[in-house]
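Undergrad: Attaching a single structure in structure tokens format; questions to follow.
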Amino acid sequence: MCKLQEKEKNMTLNHVIIFQTLQATLRSLILLSVLSLNNRSYKSSFVSTTQNIMDTKFARRTERIGRTTCSYWRAGRCNRNPCRFLHIETPSPPAACGYGNTAYSYGKKPHSSSENTPKYGSKKALLRDNGDRGDATRVAKAFKKSSPRICKYWINNNCVHGEQCLYLHSWFCGDGFSTVTKLQEHKKVITGIALPVGSDKLYSGSTDGTVRIWDCHTGQCAKVINLGAEVTSLISEGSWIFVGLQNAVKAWNIQTMSEFTLDGPKGRVRAMTVGNNTLFAGAEDGVIFAWRGSSKADSPFELVASLTGHTKAVVCLAVGCKMLYSGSMDQSIKVWDMDTLQCTMTLNDHTDVVTSLICWDQYLLSSSSDRTIKVWACIEAGSLEVIYTHTEENVSVDLILCVEISFGFIFMCKKSS
């Protein structure tokens, strides 16, 4: 009897153990199922979130590209079909003022002139004292001011912005100037222009071998003189027109219609000027020839001197303060006494070709292919020293004209890449 009871007790215990085991197994399966469901939900949520982020970024990029005008289309050079950028103009954001750095841009190069914008604001004059040269400060300030830039696409006749362009569609700005006409009949480089005092005719010379005479009233070419050789310089003085050629200078009197040839120069005559009743002509061999008036019947000019000293071609001449200044491809400026025609000084601050010279008041201005414009002033010892240097970025500069008008002087500066 006891054995039977013990057996039943053992069976009951086994059933309890089996039940508990099944219960634990069931709980484990339920837990695993829950974890699996949670894991799938997490993965689904993660994938969904990632996809949303990618979609948002793609949408923003697409929206940004969709609002961008094709820079190649602007320049007339887009060959993509279809192109992912717009081939229409989009409204430009309002600029802060003027022609500053708020101008729109596309690609890596701004829609501007061919040069990078010089940081005029960072330039400081080298002279600030209030002594005898205190006026040099106002000279320096003239170079510090920024000027609007000319649209390089307008220069090439392919700017699509028209009147909406943020850059100049003109060679100048201001209220004092306006375009009258364009004189475009020369075939090659124009090397000189002259407007004789009291004349209504403009004279221009070019390397195409011609001198053209223009009517100032109509803007039309009134006469073409074919010289058969490159015209390398042209100036006027009184009733005379002087034309620089290869190995010679032509002299025309526009009142008497007489013509003379002045021999002596070797190579091209690249610069001429008149001072102290003397005509100076700088030649390619570095020699400056000087002619003065003569009473001879065969020629009203007489060769009086040959000024030697430059080792390369003379490319610019200027007269001021009873001195002749010459700039050369040898990178130097020489100062000559016009009474004795002797060299009194040599200036060597430029590091490349001296391209032009201008005498203004008591100052000498020089420009060079080293991308600088220098202002020189006379010091107590009688020599010239640089009181201000203006540097242009990525371009060489030429001072090409000094015009005296009723309210002062105008300096025109030419830039070339």
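Including glycine, each Cβ sits where the backbone N, Cα and C put it.
Just so you know, TrEMBL annotations are computer predictions that nobody has curated.
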Undergrad: To which of the residue ranges 64-90, 199-225, 280-306 does TrEMBL assign the term zinc finger?
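TA: The range carrying the zinc finger annotation in TrEMBL is 64-90.
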Undergrad: By DSSP, how many residues in the repeat 'WD' (183-224) are helix, how many strand, and how many coil?
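TA: For the repeat 'WD' (183-224), the helix, strand and coil counts are 0 helix, 21 strand, 21 coil.
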Undergrad: By Cβ distance under 8 Å, which residues at least 6 away from the ends of the repeat 'WD' (307-346) in the same chain are close to it?
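TA: Non-local partners: 267-268, 270-276, 278, 280, 282-290, 352-360, 362, 364, 366, 368, 378, 383-384.
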